Amino acid sequence: MRSTNAMAKLLLKRSIGTPSETTMAKRKDPAQERQRKRELWINRTMQWSGLSRAEVKTMLAQTRTQSFRLNPLVDGEVAPELLSRQVAWCPDGYEIIPEYLADYQQLADSGHGYIQNAASWLPVLALAPAAGERVLDLCAAPGGKSSHIQALASGQADLVCNDNSKPRLMKLQTNLKRLNVSAEYMLADARNLSRRQLEAFDKILLDAPCSGEGLMSLNASDAPLFDSWSVAHIRRLSDLQKRLILEAWRLLKPGGTLVYSTCTMAPEENEAVVDWLLRRQPDARLVPTDIAPLSNRVPAVQSWNDRDLTHDLGGCLRLMPGTLTEAFFVATFRKTPYVE
């Protein structure tokens, strides 16, 4: 007869399996898991957009494009043919002509411009920085938006760039030096900055960490991007974004402007965050973000998962993936001045 200990070990082994059996049970086929996530992404997009499955699949299969923003802070001649396709709603913004891609890259390497998706210009245009204003880029690396801030302010903004990663901050400094951008740098957790300075900035850009759905597509080349995507991750990011936007609000002067942006479509990371701040802060006012007529703009989400959002969020800028701009979200807030 087996001893009690031996029997217990046998039962435990049967319940948890051998190490190899347990590993095999937990391991998921990567291709199947990516396909499951693709289907979930399609269904979520159908839910918030109201579009058909065919419409959503067509939209999510679009190829992303890059654009070129000329940097006015560095002098130099640029071949006219490279600037022949100006983006009407962005000063110094141009579509990249594919056959000249190497020339655009050379300009970017020398600091004469910056290559990025045109949607990234939208939050800075909404912020409308001006000379003499104290401006904070709360999550600044790698620096595309920071350099755009100084470009719009003719290099005369009192710009502070923060990031919580030393390697990213060093990369940011390298990029801004190449672009001839003057800035003060901070290495800090953006969730705790108000301990250092309260209501210190005229304007703040919070281009928040997000799930990056604007960078994803249904094309096979983007399949690996689904490995880190999940609804659980979206929820964790939403919690982080709420902490960040509240901290940004504490850092903003009365009468100041805060722009919140993401490159994702998830309502939890966009309208839900905006609605949360408006409910929490009675001095917060949502200002319409109307930069230009954009063909891929869609109405803001007013309800999600059978829950209505409290405030009218029609002033938010929500973009579907388009030929020029990737999926993006921008919300602009004004902090009501104190009343004596």
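The chain as shown is numbered from 1 upward.
Cβ from N, Cα, C; glycine included.
Listed features, source TrEMBL:
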DOMAIN    32-336  domain 'SAM-dependent MTase RsmB/NOP-type'
BINDING   CYS139, ALA140, ALA141, PRO142, GLY143, GLY144, LYS145, ASP163, ASP189, ASP207  S-adenosyl-L-methionine binding site
ACT_SITE  CYS263  active site, nucleophile
### Query
What number of additional C-beta atoms lies within 10 angstroms of the C-beta atom of CYS263 (active site, nucleophile)?
22
### Query
Looking only at CYS139, ALA140, ALA141, PRO142, GLY143, GLY144, LYS145, ASP163, ASP189, ASP207, the residues listed as binding S-adenosyl-L-methionine, what is the longest Cα to Cα distance in Å?
20
### Collapsed DSSP category at GLY143 (S-adenosyl-L-methionine binding site)
coil
### Task
Calculate the distance in Å between the alpha carbons (Cα) of CYS139 (S-adenosyl-L-methionine binding site) and CYS263 (active site, nucleophile), and round it to a whole number.
14
### the residue listed as 'active site, nucleophile' versus ASP189 (S-adenosyl-L-methionine binding site) - Cα distance in angstrom
21
